[in-house]
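Engineer: Let me begin by handing over the structure; questions about it come next.
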Amino acid sequence: MINYTPKQYAQALHLAISESNPKDQERILDNFVQVLKSNGHLGLLDEIEKEFLRHDREQRGVKQAEITTAKPLSRDEEAKLIHNLNEYVGGKVELKKKVDEGLIGGIMVKIGDELIDGSVKKSLQELKNKLKE
Amino acid sequence: MKTDKIVEQLKNRIAAFQSQVKIERIGEVMQVGDGVARISGLSDAAASEILEFQTASGTVAGVALNLEESEVGAVVLGQQQKIKEGDTVKTTGRILSVPVSEKLVGRVVNALGEPVDGKGQIKSDKYYPVEKIAPGVITRESVKQPLQTGIKAIDGMIPIGRGQRELIIGDRQTGKTAIAIDTILNQKGQDVICIYVAIGQKESKIAKIVKTLSDGGAMEYTIVVLAGASEPAALSYIAPYAGCAMGEFFMDQGRDVLVVYDDLSKHAVAYREISLLLKRPPGREAYPGDVFYLHSRLLERAAKLNKDFGGGSLTALPIIETQAGDISAYIPTNVISITDGQIFLESDLFYQGIRPALNVGISVSRVGSAAQIKAMKKVAGKLRLDLAQFREMAAFAQFASDLDEGTRKQIERGRRTTEILKQPQYEPMPVEHQVAIIYAATNGYLDDVPLEKVKEFETRFHKYLTVNAKDLLNTIRVKKELDGEVEEKLKRLIEEFKRMSQ
C-alpha cells in the first residue's frame, strides 16, 4: 500500500471539495474520514487539518504571518503592519497574533520559514555577543 | 581611574552598537531523538551545512544531511537532550569545517577541532571543509619515497610509501594499533606530521596512547583526533574526515603527513547508525548503499602531490577489525579493494609468539619496492624468497621424518629469518640496522647460531654496530645503497663480530 503523506491527503481533500457542490461537502468529508479509517491514518487528522489550511491559503494567494509582540497591538498599529506585510509578500497576509512578554519590546514576524526578528530581546542578545568579542 | 576608563569604553561600544534586522530562514524541530533531528522549513539549507538549534539553554550545533522537499534531516553534534520539539533552527552559511593550523600539533582535539586536553584554546583563522574532493590526476605523481615504519617485517617485505594507503587488518588483540603507534614513534626527526584519529575507542586506551606518544617524544609532531565511544555517532562519523582535513592543510604546504584511522569498522558502524535513523534504506549487513563511497572518498584523499603542487604527501593507514579472521565480510572487502595493499595480522601467530603477528603470505603492498631504499631492496628480495620457500617446506616437512640436506638447511634458515622478524612493541628500528640484520640472515651468517640464541645475537649485533660501525651505518642511511664497497665492509664486520662472540 502506498503511504500517503498528510500533504497529499490535504491536497486531495481540497480538490474534491472545491470541485463539488457546496451541498455535497458533508458527504465528501464523511467519505474522506472513511478513507482515512480504512487506511488506518486517522491519527494524521491534526496534521492534515494544518496542511489543508495551508493549502487553502496557498490557493487563495494568502500567506500566514505569525507575529509575536510583547504587548497586544493597537488597532492602528495592526492596520499599518498588515499594510506593510502585504507589500512585502506581494499578496494578502493573514495575521496570527501571539503575545510574549519575554521579547521586552519590538516585534517578531514569521512568514513561512522566513523570520524577521526586530525584538528588543534579539538586539540585547546581539549586543551581548558583540561585547563578548 | 581604571574602572572609569573601562566604563567609558563600554559606553562607547554600546553607543556605537546598532542592531540590524535581517530576514533569516528558520526551521522548526519536528522530531528529535537518537542524535538525529527532523526539521521542517529551513528551505535554504545546504548539504552538510552547520545548523544552530536555539534551545532554552543555549545553542547546539548540528549538520544537515538529508535535504527533502519539506523537511531536513540533521545529526546533532552536541547535547541532544537540550533540544525540544518546536525549537527554532537556523542555518549558519558555513559548511562543516575544522580549524587548521600549526598550533594543532601536539594537541588532542575532538572531531570538530576543539581541544579536549585541557591545554587551552587553539586559535586559528583558517578553516578547511571536512568533506573535500580528493586531489585530481594532474596534481599527483607515483609513490616512490619510503615511509619507514621501523618494523623489520613491514619495511622489508611490505614497504609503505609516502602517499600510499596501506590497510592494517586483523582480529581484536592482534597488535593493529601497536603497528600504527610504532610507525608514528619512528617518524621522529623525519619531518612527518602524524595524525592519529581514534574513532569510537575507549578513552582509557586513548589516554594510554597519548602517554606512550608523549613519552616517546612523538607528540611534538602528532595531532590526536578523538571521537570517543561515549560521544554521539555523528562525531565518530565526522572524525576521520576532520583528521584528513587537518592533514591536507600540511600536505598543501608541501609537507609529508601520516594519518592513522583507528578504526574504520567502527566508523562504518557509526555511519550505519546515522543512516538507519535518517531512514535511508539498509543493504547488506544493514549498511547503507553508500558505505563503499564513505570509505573510498576518505582514502582517495591520500596522495603524493607532484612538484608543481608543492610535493606534499598524505599517507593513510586505515585499520579494520575483523571478526574471527573473516576478511570476506562487507567492510573488510570494501576497504581491501580501496587501499594499495594490506598488512594482515593473525591471532594464531600472535599466540605463537610471532609479534608483530604478520601473515607474510597474504600481506601485500601494491606499491612494492618503489617505496624502498636501494639497500633494503637488495637484501629484502632474498628475504621474501627465503620465507616463501620456508613456508612451503615447513608444511611439507611435517610429514617427513628425514629430510635431505638442502631442505633441512632451508627450514633452518627460515626459522632463523622468522626469529629475526620478531620485534617488541614500541621499539622501532632505524632502516640501516634493519638492512644489516636482514643481510646477515639472508646470507647465512645466522645458520650456525642456535635458534634460541638468535634473539640475543641480534641484540648484541645491533649494540656492536652502534659502537663500532657508526660510519658504515651513516653511509647506508645517507647513500641508501649497498654497493660493492659497503657490502664488503658489512660482510667483514659481521664476520668480525661472530669471531668475537665465540
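Yeah, the Cβs are placed from backbone N, Cα and C, and that goes for glycine too.
According to TrEMBL, the protein has these features:
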BINDING   B:Gly170, B:Asp171, B:Arg172, B:Gln173, B:Thr174, B:Gly175, B:Lys176, B:Thr177  ATP binding site
DOMAIN    B:24-93  domain 'ATPase F1/V1/A1 complex alpha/beta subunit N-terminal'
DOMAIN    B:150-365  domain 'ATPase F1/V1/A1 complex alpha/beta subunit nucleotide-binding'
DOMAIN    B:372-497  domain 'ATP synthase alpha subunit C-terminal'
SITE      B:Ser363  site 'Required for activity'
Engineer: Look at each of the recorded positions, B:Gln173, B:Thr174, B:Thr177, B:Ser363, and point out the one with the fewest other Cβ atoms around it within 10 Å.
Structural biologist: B:Gln173
Engineer: Taking 8 Å from the centroid of the Cβ atoms of B:Gly170, B:Asp171, B:Arg172, B:Gln173, B:Thr174, B:Gly175, B:Lys176, B:Thr177 as the cut-off, which other residues in that chain fall inside it around the ATP site?
Structural biologist: B:Glu321, B:Leu345, B:Ser347, B:Phe350, B:Ala357
Engineer: I'd like to know the mean pLDDT over the domain 'ATPase F1/V1/A1 complex alpha/beta subunit nucleotide-binding' (B:150-365).
Structural biologist: 94
Engineer: Sort out the sequence-distant neighbours of B:Arg172 (ATP binding site) for me: same chain, 6+ apart, CB within less than 8 Å of its CB, listed by position.
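Structural biologist: Set apart from B:Arg172 (ATP binding site) by at least 6 residues yet with Cβ under 8 Å, we have B:Glu321.
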Engineer: Rounded to a whole angstrom, what is the C-alpha distance between B:Asp171 (ATP binding site) and B:Ser363 (site 'Required for activity')?
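Structural biologist: Distance (Cα to Cα, whole Å): 15 Å.
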Engineer: Inside 10 Å of the Cβ of B:Gly170 (ATP binding site), count up the other Cβ atoms and send me the figure.
Structural biologist: 27
Engineer: Just counting, how many other CB atoms are there within 10 A of the CB of B:Lys176 (ATP binding site)?
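Structural biologist: Result for B:Lys176 (ATP binding site): 26 other Cβ atoms within 10 Å.
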Engineer: Under 8 Å between C-beta atoms and at least six apart in sequence, can you list the same-chain neighbours of B:Gly175 (ATP binding site), or say none if there are none?
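Structural biologist: In sequence order, B:Leu345, B:Phe350, B:Arg355, B:Pro356, B:Ala357, B:Gln425 meet the Cβ cut-off.
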Engineer: Between the binding-site residues B:Gly170, B:Thr174, B:Lys176, which lies closest to B:Ser363 (site 'Required for activity'), Cα to Cα?
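Structural biologist: Closest by Cα: B:Gly170.
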Engineer: Please spell out the DSSP helix, strand and coil residue counts for the domain 'ATPase F1/V1/A1 complex alpha/beta subunit N-terminal' (B:24-93).
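Structural biologist: Helix, strand and coil residues of the domain 'ATPase F1/V1/A1 complex alpha/beta subunit N-terminal' (B:24-93) number 3 helix, 45 strand, 22 coil.
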Engineer: Helix, strand or coil: which one is B:Lys176 (ATP binding site) in, per DSSP?
Structural biologist: helix
